[in-house]
Every structure is written in C-alpha cells, then in structure tokens.
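Colleague: Sequence annotations record features per position, and here TrEMBL assigns compositional bias 'Basic and acidic residues' to 212-221. Annotated domain 'Major facilitator superfamily (MFS) profile' per TrEMBL: 20-451, in sequence order. What TrEMBL records for 204-238 is region 'Disordered'. As annotated by TrEMBL, transmembrane segment applies to 21-45, 61-81, 88-106, 112-139, 146-165, 177-196, 266-287, 299-319, 331-351, 357-379, 391-410, 422-445.
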Amino acid sequence: MSQGRGAAREAAKPQDQGWAWMVLLAAVLLQGLTLGFPACIGVFFTDLQHEFQASNSETSWFPSIMVAVLHGGGPLCSILVKRFGCRFAVMLGGLLSGVGMVSSSFCKSISQLYLTAGLITGLGSCFSFQAGVTVLGYYFVRWRTLANAIASTGVSLGFTLWPLLSQYLLDEMGWRNTFLIFGGILLNCCVCGAIMRPVQLESGSSLQSPKPAEEPGRKAGEAQLSNGASSPHPELQQRTRRTACFQMLQKYLAFDIFCQNKGYQIYTIGVTWMMVGFGLPHVYLVPYAIHNGVEERRAALLISIIGFINIFIRPFTGLLSGHRVFTGRRIYLFSLAAFLCGLSNFICVISAEFSMLIVYCIILSIAMSGIGALTFQVLMDVVEMDRFSSALGLFTILESITILIGPPLTGLLVDITSDFRYIFYTSSFFLISAALFMGLSFCALEKKNKLKEAAKVPLDDPPRYQYSEISTGSQSESQSPPAAVYITSI
C-alpha cells in the first residue's frame with residue numbers, strides 16, 4: 001500500500017527526471033532559434049541596402065529593433081507567463097516569429113522591415129526564449145544550474161549555424177525567399193513549446209498555469225469599498241489605481257533597488273553604457289569584411305567562428321567563475337572580459353585581411369564568453385534573490401535602449417565619414433570605458449565598506465552589493481520557482 005503511494009508520488013514529481021530532459025532539449029533548440037537568430041542579419045546587410053537604396057544607419061535599425069525588443073520585452077513576457085503559462089507563451093512567440101519573417105519577405109520598404117522582422121519577430125523571439133528559460137526552473141530543482149548551462153549552448157549553436165545557412169540560401173534563392181524559409185524554421189518554436197507541458201503537483205494543480213493574480217492594490221481597494229459607502233468615491237478609485245500601478249512597477253521594475261543599492265546602480269549603469277558598443281561587431285563585421293574585399297561566403301564564416309568557439313568556452317567560463325576562489329570577485333572578471341573585448345576591436349582597425357579577422361574572431365569570442373557567462377551571475381551577486389526578478393526587469397529595459405540606438409548612430413557616423421573603422425573605434429570606446437568604470441567603482445565601494453567595518457560605524461543601509469552564494473541543490477523538490485523569471489543572454 002505504502003509502496004503504491006510512493007510510486008504515485010514519484011510520478012507526480014517530474015522534476016530532474018524523465019520528461020524534464022526532453023524539455024531541456026527543447027530549450028536548447030529554442031535558444032538557438034531565438035537568441036542565435038540575430039547573428040545572421042549581417043549576412044543580408046549589403047543586399048538590403050541595395051534593394052531599398054538605404055544608408056548604413058537606416059539598414060541597421062532593422063537588427064537593432066529586433067535585438068532591443070528581444071531583450072527589453074522581459075516584463076511583458078513575465079506578465080504573459082504568469083497569466084497563461086510557459087507553454088502558451090513559447091508557442092505564441094513561435095507564431096509571432098514565423099509570421100514576422102514571412103511578412104518580411106513581402107516588404108516593399110526598409111521601414112516595413114522595422115515592423116515585421118524588427119518588432120514582430122523580435123517580440124516573438126522574446127516570448128519563446130524567456131518563457132523557455134523560465135520553464136526549466138519548473139522542471140529542474142537539483143540539476144537547475146546544469147540545465148541552464150546546457151541550454152545556453154543553444155545560443156552558440158545558433159551563432160554557428162544561422163550565418164552559414166543564411167549565406168547558402170541567399171546565394172541560391174535571394175533574401176526574400178530566404179526570409180520566407182526562415183519563417184517556417186522559426187515556427188518550430190511552437191513544436192518546442194508543445195513539448196513543455198505543464199508540471200502537475202500531487203494535488204493536480206498546475207505549476208505553470210496559475211490563475212491570474214489579483215493586484216494587492218486592487219484587493220485593498222475592494223476591501224475599503226466594501227467597508228465604506230455603497231457607492232465608490234472617485235478619489236478612492238483613483239488612489240486605488242495609483243497604488244496598483246505603483247505596486248506593478250515595483251514588482252517588475254525595481255527603481256527602489258536602483259536608488260538604494262550602490263552595487264546594482266554601478267553595475268546597471270556600466271552594462272547599459274557597455275551595450276552601446278557591444279553589439280556593433282555582430283551587425284557590421286560581415287559588411288566590413290565584404291567592403292574590404294573578403295568573399296561573401298568567407299565573411300559569413302566569421303560569425304560562425306565566433307559561435308563555434310563559444311560552444312566550448314562559455315560553459316568552461318561559467319564553471320571557472322563558479323569556483324570559490326572567485327567568490328566576491330566575479331565583477332572584476334566581468335570587467336576584464338569587457339576590457340579584452342574592447343581591445344580586440346583594434347585588430348580590425350590594424351588590418352582587414354581574412355587571416356587577421358579570424359584572429360580577431362577568436363579573441364572576441366573568448367571575451368564574449370566571459371561576458372555572456374557572467375552577466376546574470378554578477379547581477380545575482382549584487383541583488384538579493386527575492387528581488388532578482390524585479391531588478392532584472394529594469395536592467396533589461398535600460399540595456400535594450402542602448403542596444404537599440406547603438407548601431408544606427410554608428411551607422412550614421414559611417415555614412416558621414418565613409419570609413420567602417422569608426423565602428424570598431426566606437427565599440428572599443430564604450431567597452432573599455434564601461435570596464436574601467438565598473439572595475440574601479442566596485443574597488444572603491446569595497447574599500448569604503450572595509451573602512452566602515454574597521455571603524456565600526458553602523459550602516460543605515462546594509463551593503464546589498466556584497467556577494468552571496470545561493471545553492472539551488474539544497475532546495476526542496478516541492479519548492480517551485482517564481483511564476484515567471486525573465487532572463488536574457490548576451
């Protein structure tokens with residue numbers, strides 16, 4: 001009898017076993033289809049310019065909007081997941097991505113591409129990717145860290161395969177038919193979402209399809225109305241709405257953390273500044289190589305080299321940074337990676353020979369691996385985990401703004417000067433200055449904290465910027481993660 005109950009209990013807990021590994025495979029494919037997809041846009045840059053007679057600045061708005069929406073749509077995805085569940089969000093994202101690229105194949109102007117491929121495909125990719133990451137938290141408890149590390153290899157696979165496929169299809173059938181085929185490929189996100197069935201507890205309640213939660217402000221307002229007069233006062237209704245709106249902003253965009261937590265403030269400003277230059281090589285490397293006489297197929301291979309090296313380096317960097325030797329020092333590793341990324345750009349300035357561009361891609365991919373593996377780990381170090389989701393919301397919104405404006409502004413500079421080297425000068429400036437700002441600021445903050453501790457001066461506000469290690473392995477298997485945690489990857 002007890003054995004039968006035990007077997008039923010095991011069947012009701014799919015975490016870390018059985019179908020969970022199929023969900024992990026779907027998450028790997030999702031990250032390759034969504035986060036890896038913008039890597040191939042540079043392959044079409046020259047053809048789109050010729051087709052629509054557009055400048056560098058005008059053409060670069062298309063990938064900028066796509067990547068900015070992919071990163072900045074986190075709060076919207078979080079609300080969608082909380083109301084309808086992860087499976088619905090992933091499948092809706094796949095549908096939007098496919099429709100966006102199919103529509104793009106019929107565009108008659110570059111501005112129409114901003115809407116179809118930029119906004120619609122970017123938003124669909126955001127829903128699929130971030131809901132796909134969230135669902136791993138439901139299916140994995142003991143092996144959650146390993147699952148996220150394995151899933152992140154999908155980004156590198158996408159970086160490797162998308163440019164090669166893009167160049168082949170572009171040569172064979174042109175960019176319009178290629179975009180049409182891409183629409184069909186991105187619809188496979190719906191298949192991945194179908195695999196991510198809701199997790200059921202013993203009681204039969206679904207972990208991934210929670211009922212729409214009532215806002216605390218709304219509930220409080222209803223209580224006041226029921227205790228007061230039978231007819232609601234307009235002032236009370238307005239106050240209730242303001243309270244609900246404020247609590248919603250507090251939940252998804254943590255402005256209070258930004259004002260009070262110096263570590264989070266420094267890190268958010270530094271990464272936001274860094275993102276102006278971080279994405280420039282991804283957009284302009286292929287056009288730069290073609291402009292300097294490199295064959296189109298070989299130019300597309302450069303992005304694939306970056307992705308291929310990331311497959312091996314990024315997991316290694318993540319494991320290395322998790323060692324206790326680097327506890328409390330990960331921000332300095334992150335700053336070093338950003339600094340190296342900025343220095344590597346000077347290789348392109350010195351020479352545009354294909355062999356030198358390969359050397360550049362190798363060094364850049366190693367530095368990028370450090371940035372990609374540490375971005376959210378450092379954020380977890382400087383923010384308390386119970387407010388991580390809120391802190392991530394503001395972080396991704398600010399990050400997406402600079403991702404959006406960086407390539408078009410640099411493209412305008414290239415249009416004015418007719419010199420592609422300014423792209424890499426600009427990228428190096430933002431990366432190196434951000435790395436120095438974060439590294440020196442955290443060093444000064446750490447010294448200030450040590451002086452206060454030595455003097456035994458009581459702090460009004462505890463040092464929330466100090467690092468803390470949180471183990472997911474010790475959590476109970478019955479414990480579930482937040483209803484929606486939106487995560488982006490660089």
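Keep in mind that glycine also has a Cβ here, set from the backbone N, Cα and C atoms.
Just so you know, TrEMBL annotations never went through curation; they're auto-generated.
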Colleague: Test of understanding: applying the rule of at least three C-beta pairs under 8 Å (pairs 6 or more apart in sequence), is the transmembrane segment (299-319) touching the transmembrane segment (112-139)?
Modeller: no
Colleague: Could you name the stretch, out of 21-45, 61-81, 88-106, 146-165, 422-445, with the greatest number of CB pairs under 8 A to the transmembrane segment (331-351)?
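Modeller: Maximum Cβ contact count belongs to 422-445.
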Colleague: Tell me, roughly as an integer, the mean pLDDT over the domain 'Major facilitator superfamily (MFS) profile' (20-451).
Modeller: 82
